[in-house]
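Trainee: Straight from TrEMBL, here's the annotation block:
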type	residues	note
BINDING	Glu58, Asp59, Ile121, Asn172, Asp173, Asn228, Asp273, Asn274	Ca(2+) binding site
ACT_SITE	His119	active site, proton acceptor
CARBOHYD	Asn274	N-linked glycosylation site
CARBOHYD	Asn328	N-linked glycosylation site
Amino acid sequence: RKGFRLTFIKESGSLEEKIGTILKDADTDKVNKALPNKSQNSNMTFIYFLNLTEAGSEDIDILPNGLAFFSVGLKCPGLHSFAPDKPGGILMMDLKEENPRALELRISRGFNLASFNPHGISTFIDNDNTVYLFVVNHPEFKNTVEIFKFEEEENSLLHLKTIKHELLPSVNDIIAVGPAHFYATNDHYFSDPFLKYLETYLNLHWTNVVYYSPDEVKVVAEGFDSANGINISPDKKYIYVADILAHEIHVLEKHPNMNLTQLKVLKLDTLVDNLSIDPSSGDILVGCHPNGQKLFVYDPNNPPSSEVLRIQNILSEKPTVTTVYANNGSVLQGSSVASVYDRKLLIGTLYHRALYCQL
């Protein structure tokens, strides 16, 4: 299997100077030999373009042991794709390795790989250390949630269950809170494409958050313009929801009965997509779209930009918002997620590359 495509970036203040591309689609060992010594280049951030991700990497989730999962190959009506005929998949990368590689996980027989169209993902570790992977799936542009068991020794996923429900008509993202329990966002109230368009045009604010368990399924928060990314605080007390069209992040308190009540709303000057939590600090990392129109009206000469924000102390009166990464589309197009582990940053996109950055 080929390694990575690698480009390194030299940062100067708020500007980024693209130095060059080394050994496109080359063997990783050759790439490492071509790299300058990092200790002699303290102002360099090495950025690897992950192989197999030209179809996008819409969502990323990282386990506490450094294993990162990528949701790849999302296709939606009206959304550009560089690989329209390639089915989706799940990649994995071990961030503890010195030169990590992205590997495609094998999925158990009986699961329909040809129609696999993964969107938001979330992991859950049970009391017996079993790792479950929850995947929002859009087979033939429908809506399901797939639950897999991760089998690390085989680098594979065992499909356990497909979930469909009338309260999950347009699922976008998911956060697992049990082995068969999760919160999910609906980015539209309707599932029909024309009604979705009408809903957005009329600005109905009908999207919501749903709690699912084998015993109970209910709407626990509603009134969003378009509920998108979702995550949970490290202490499990709060749920964070990104409202992409409203440019907002909502903080909701989680109650013992799994209901949610809104505590506050943070307004931002960008379209907010997926949310990740920095395990070392509890900060929220946000994949953002500075110009949403460019995402859907794709022009290779004027591609969509990328932006990653870090939000510190979101529960305080004045949270701190800083820019972690920004690019005009020359390097990375349409950033949708950013996840960090031990000063290693992964940035995924709707339909472009994924970046691995050693901070």
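Each Cβ is built from the backbone N, Cα and C atoms, and glycine gets one as well.
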Trainee: Once near-sequence residues are set aside, which residues in the chain of Ile121 (Ca(2+) binding site), 6 or more away, have Cβ atoms under 8 Å from its Cβ?
Mentor: Asp59, Ile60, Asp61, Phe69, Ser71, Ile90, Leu133, Phe134, Val135, Val136, Ile174
Trainee: Among the recorded positions listed here, Asn172, Asn228, Asn274, Asn328, which has the most company in the form of other Cβ atoms within 10 Å of its Cβ?
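Mentor: Checking each of Asn172, Asn228, Asn274, Asn328, the winner is Asn274.
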Trainee: For Ca(2+), what surrounds Glu58, Asp59, Ile121, Asn172, Asp173, Asn228, Asp273, Asn274 with a Cβ no more than 8 Å from their Cβ centroid?
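Mentor: Close Cβ neighbours, site residues excluded: Ser71, His119, Gly120, Val136, Gly229, Ser336, Val337.
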Trainee: Write down the Cα-Cα distance for Asn328 (N-linked glycosylation site) and Asn274 (Ca(2+) binding site), rounded and given in Å.
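Mentor: Approximately 19 Å lies between the Cα of Asn274 (Ca(2+) binding site) and that of Asn328 (N-linked glycosylation site).
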Trainee: If you measure C-alpha to C-alpha, which of Glu58, Asn172, Asp173, Asn228, Asp273, Asn328 (recorded positions) come within 10 angstroms of the residue listed as 'active site, proton acceptor'?
Mentor: Glu58, Asn172, Asp173
Trainee: At the level of the C-alpha atoms, what whole-angstrom distance separates Asp273 (Ca(2+) binding site) and Asn328 (N-linked glycosylation site)?
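Mentor: Per the Cα atoms, Asp273 (Ca(2+) binding site) and Asn328 (N-linked glycosylation site) stand 17 Å apart.
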Trainee: Taking Cα atoms as reference points, rank the binding-site residues Glu58, Asn172, Asp173, Asn228 by distance from Asn328 (N-linked glycosylation site) and give the first.
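Mentor: Closest recorded candidate to Asn328 (N-linked glycosylation site) by Cα: Glu58.
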Trainee: Within 10 Å of the Cβ of the residue listed as 'active site, proton acceptor', how many other Cβ atoms can be counted across all chains shown?
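Mentor: Cβ-Cβ neighbours of the residue listed as 'active site, proton acceptor' within 10 Å number 23.
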Trainee: Restricting to the same chain and to sequence separations of six or more, state which residues have a Cβ under 8 Å from that of Glu58 (Ca(2+) binding site).
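Mentor: Counting only residues 6 or more apart in sequence, the Cβ neighbours of Glu58 (Ca(2+) binding site) under 8 Å are Ser71, Val72, Leu74, Pro118, His119, Gly120, Asn274, Ser336, Val337, Gly348, Thr349, Leu350.
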